[in-house]
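Some features that TrEMBL has for this protein:
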- SER150: active site, charge relay system (ACT_SITE)
- ASP228: active site, charge relay system (ACT_SITE)
- HIS262: active site, charge relay system (ACT_SITE)
Amino acid sequence: MTAISLISSTKCFGGLQKIYSHQSKELACEMKFAVFLPAAAEDRRLPVLYWLSGLTCNETNFIQKAGAQRYATEHNLIVVCPDTSPRNVNLPGEDDSWDFGSGAGFYVDATQEPWSKHYRMFSYVTQELIELINGNFPTVANKMSIAGHSMGGHGALICALKNPGLYKSVSAFAPISNPTRCPWGEKAFGGYLGVDSKEEWKRWDASELVAGYNGPPLELYLDQGSEDSFLKDGQLLPQNLVDACRAAQVPCVLNMREGYDHSYFYVASFIGEHIAYHARHLQ
């Protein structure tokens with residue numbers, strides 16, 4: 001069992017909000033993750049909801065701003081929130097911009113040097129982290145769901161689509177839905193996967209992946225604020241994903257939230273609905 005080190009533990013809604021660190025083999029660096037354990041975890045095993053955060057975030061943003069612990073307690077779910085990228089791996093340019101490198105791993109497995117040694121967030125989230133959580137906490141090992149926000153919404157969608165049957169459900173707040181066609185995605189995929197590797201890019205794009213999805217029934221549960229500046233700037237492109245789902249006959253729900261933006265005020269307003277959605281699938 002991989003050793004984990006407790007950084008902090010705080011009582012919250014009767015449970016415990018904890019932060020741990022560990023040495024990641026996949027990312028070849030020390031990583032941190034947050035885990036919320038409802039009181040029910042003291043005497044029984046519980047399902048797990050994985051949350052992937054967005055650009056510039058780390059393992060603390062969601063647990064401090066979304067208010068998810070109240071709903072996790074209500075539905076008896078463990079909630080796990082990893083960091084969004086490797087940290088302090090001393091790669092040239094890792095801290096030069098907010099939308100690439102540190103805090104911007106995009107949940108892909110990089111193929112380009114020098115990023116390929118450390119920037120393997122997809123494998124970290126879908127393999128190493130799951131093994132770590134199941135090995136150290138009272139989980140029901142085969143009952144997992146995944147959700148995320150913005151870059152993390154993109155991450156949640158591709159983790160579910162590329163691993164049919166691994167997660168019982170998936171949801172995303174304001175996801176980067178078609179990264180091969182937006183500036184954020186073009187920059188990240190060009191750097192991590194290669195500027196000329198456009199076919200490889202498609203393997204990490206939810207709007208491309210739905211066409212080839214072949215697994216248990218999976219509904220994409222999407223949420224989007226109408227006043228999101230990144231929606232208006234063409235970074236998110238949710239309709240492209242809805243259209244791709246319709247063409248592929250993959251069930252998709254898009255909740256348009258009138259007047260809401262991209263912030264955690266928006267996420268906090270609807271996180272209860274999302275956790276209830278996942279709880280139904282994790283029963």
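Using N, Cα and C of the backbone, Cβ positions are placed for all residues, glycine too.
All TrEMBL annotations are machine predictions without curation.
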Around the Cβ of HIS262 (active site, charge relay system), the count of other Cβ atoms that are within 10 Å: 21
SER150 (active site, charge relay system): tally of other CB atoms within 10 A of its CB: 25
List of residues, in chain order, with Cβ under 8 A from that of ASP228 (active site, charge relay system) and at least 6 apart: ALA174, LEU236, TYR260, ASP261, HIS262, TYR266
